[in-house]
Amino acid sequence: MRGKYRDIQEKVFDYFNANPQLQTPLEISKDNHRELCMNQLLGLVREAGIRPLHYVVHDPAKYFAILEAVGSVDMSLGIKMGVQYSLWGGSVINLGTQKHKDKYYDGIDNLDFPGCFAMTELHHGSNVQGLQTVATFDPITDEFIVDTPNDGAIKWWIGNAAVHGKFATVFARLKLPNYDAKGISDMGVHAFIVPIRDMKTHQTLPGIEIHDCGHKVGLNGVDNGALRFRSVRIPRDNLLNRFGDVSRDGQYTSTLPSVNKRFGATLGELVGGRVGLAYSSVSVLKVASTIAIRYSLIRQQFGPPNQPEVTILDYQSHQHKLMPMLASTYAFHFATTNLVEKYAQMKMSHDEELVADVHALSAGLKAYVTSYTAKSLSVCREACGGHGYAAVNRFGSLRNDHDIFQTFEGDNTVLLQQVAADLLKQYQRKFKGGTLAATWNYLRDSMNTYLSQPNPVTARWEGGDHLRDPKFQLDAFRYRTSRLLHSVAVRLQKHSKPLGQFGAWNRCLNHLLTLAESHIESVILAKFIEAVQSCPDPSAQAALKLVCDLYALDRIWNDIGTYRNVDYVAPNKAKAIHKLSEYLSFQVRNIAKELVDAFDLPDHVTRAPIAKQSGAYSQYTQYVGFE
């Protein structure tokens, strides 16, 4: 499952195995955890010789593989690495020009320049265009003056700010003086490099106020801080000027014609954060699935009279909890791996169609996968009973640390709306004869088919070969998406006249979110089917086909009401889908050990006594003090 980047991931795992003092203790204070994370990061960079920024620039897929391995050991460390290299480093590399790379690259790479990504404000998170921090150009001194105009504009939740950061990429409204009646021009949100601490003494610099955001639900190895700026002066060169520049005499130039175009290009270069979160969320799901399934294979409870007790994974109810989740983990693995590959291609080619594809996929997969993982972590905890509640078995820390994945780098509800909006644009292009981006190709080819009345004969087919046919499965997913898309387009048109565009959108919002989720499920299934069909090993292909069928049929059954309401699935076929999905769960149970072993997570990475591959109970008793 680790593919061509297995070597670099094993290098990460081996480093932590050789340095057990760098593994997160269970009971640790917030401040100690922060220093532990920084020491871990320093060790990886300076002792293990891993250079994340090099991979951010030259091999993004390898960078995400490192991030997955690091996050499997400690999610706080994974986020801290992401802040340093994806966000702070990525903003300098992607939004700056050569002068910025020459000045900052080496220091970011070797951790001499620890930094922050100061976008979110107290009053504004998702609405980045509404940010209020200002950077006003002073033509007399050739400087920008960075100010926090009110408490709502305080930069909030800024990782690396509270303790370790020496620089921040600050997103602020660029304001230029002019000599007309207005007196000043607002050029929209731009990014600026602002030093926040002295390089030698580490003291906060004049005009900058930093406070700790306090203890959090999780990720307390990350030092989130709040920043306020009071007339902080920075050189004009500190504007990250790839998409817009200011000359010595205060003239603004850009190759992009409008504020909206510049804003879109700026945020477009930062999409890697969403790609990383989607990919990392799957790694969290792998860890949790491994712990829950390995424990379920050794834990015995009850059984037939006068016979040995059976493992809890032999119970149908337990299979129903864990096997579809395991199938989803595999589905998400292939979908997010494909997303990472597309992202790497996008960074090399800058192809406009690929850029649009990655933006849509990263928003949708980040939202869908992180929400699913958050729910699954609770399922895993409950599946392990009381022992799942022990902190040493990690479900609590995994759940708490992962919880924020649903709202940072874009709130999931907002991201799903972006997916729905893109779908509607593609829908309009379809009926205007335009071309469609790659993610939406099935709409171009099949919309008329999917919107036609269901075939009453096909609706009653219930044979196993038919239900396990990938064409039936994918058609069912796409049929649902196409109907949702068509019906919401009609509803929006109907409500736009009396309510206006915003009011109509709000009236249809739940419909739009369901549409986006349906589309993302279709994309995930399509990538899973491709992975099965391209698998070169016959036995592995058979196992993957089994898992893929379970993923597809479980999803159809979970939304069977939709299919029944439009007569896409007759009652007898619905019963057959349910029956087959239960049988597939039983079959997947028989290879569950091999499926989680394929995640290739060593015991020193999972670190849960109940998930040890040998001597689980002895490890557990030793932990609490028995000899």
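Glycine is no exception: its Cβ is also placed from the backbone N, Cα and C atoms.
Sequence annotations record features per position, and here TrEMBL assigns active site, proton acceptor to Glu409. The FAD binding site annotation in TrEMBL covers Thr120, Gly159. Marked as domain 'Acyl-CoA oxidase/dehydrogenase middle' by TrEMBL: 116-232. The domain 'Acyl-CoA oxidase C-alpha1' annotation in TrEMBL covers 268-423. Per TrEMBL, domain 'Acyl-CoA oxidase C-terminal' is recorded for 469-621.
A simple way to gauge crowding: the CB of the residue listed as 'active site, proton acceptor' has 25 other CB atoms within 10 angstroms, across all the protein chains here.
Here the binding-site residues are Thr120, Gly159; the one with the fewest Cβ atoms within 10 Å of its Cβ is Thr120. Cα separation, Gly159 (FAD binding site) to Glu409 (active site, proton acceptor), rounded: 12 Å. When the alpha carbons of Glu409 (active site, proton acceptor) and Thr120 (FAD binding site) are compared, the span between them is 10 angstrom.
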